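As recorded in TrEMBL:
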- 12-29: transmembrane segment (TRANSMEM)
- 49-75: transmembrane segment (TRANSMEM)
- 87-103: transmembrane segment (TRANSMEM)
- 109-126: transmembrane segment (TRANSMEM)
- 138-161: transmembrane segment (TRANSMEM)
- 167-185: transmembrane segment (TRANSMEM)
Amino acid sequence: YYKSLPPITKAYGTACLFVTVACQLGLLYPGNIAHVPELSFMHFEVWRLITNFFFLGKFSMNFGIRLLMIARYGVQLETGPFQGRTADFLWMMLFGALSLLVFSSIPPLWSPFLGISVVFMLLYVWSREYPNASVSIYGLLTMKAFYLPWAMLCLDVIFGSPFLPDLLGIVAGHLYYFLTVLHPLSGGSNILKTPALIHRVVRRLRIGVAVGNDSRRRDDETTGGAAAFRGRSYRL
């Protein structure tokens, strides 16, 4: 099963698991990997800009749920609408991470760990790709996937978990969806195309399929430049 997982989702889920295990065993202190803008930029502890995305909390039911969300929704995205487009999926993850770092640099929106936000970004994009899929929440409530991110946010509020990381992930997911689907559909150009550097990196590392320049050009000609993400739900 592990070998069958797509490369980007497998790498991210594995990193989250190892970091959490290291923190649980006392090999790693969460405070040393948290996102603290002052330490990152003033004291040059730049690793914090990356490591904070790999911590989903200590061992708990919430951690297990977040890891399962990566294994389900991330895998379905990478093997579904992003199948054969590993570079595009990697670019979505990178764009989401950069957006979350920008949001978190605003003091009222600051969050020390943005891994949960990445999970909710994946969940949001998945819910727009499969809006009419029926999902069950703990076997108690069935709803359309379109409403799942908001339902999970409400459950976190009910259970006393911070809602800000969830909300930031939803905003980052919608920003990506708007720039790659809604804006091109309204007549605008796709301003969030996957950079050529990302395609070269994917080809060099051989971690999946990187669409060549000719294929990307054909996609742009046939879709009006909106080839970064082909969503089936166009509701705002």
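Keep in mind that glycine also has a Cβ here, set from the backbone N, Cα and C atoms.
Bear in mind that TrEMBL entries carry predicted annotations, made automatically and left uncurated.
With Cβ pairs under 8 Å as the measure, the transmembrane segment (138-161) is packed most heavily against 109-126, out of 12-29, 49-75, 109-126, 167-185. Here the transmembrane segment (49-75) has Cβ contacts under 8 Å with residues 5-6, 8-9, 12-13, 15-20, 23-24, 30, 33-35, 40, 97, 101, 112-116, 118-119, 122-123, 126, 159, 161 of the same chain, all six or more residues outside its ends.
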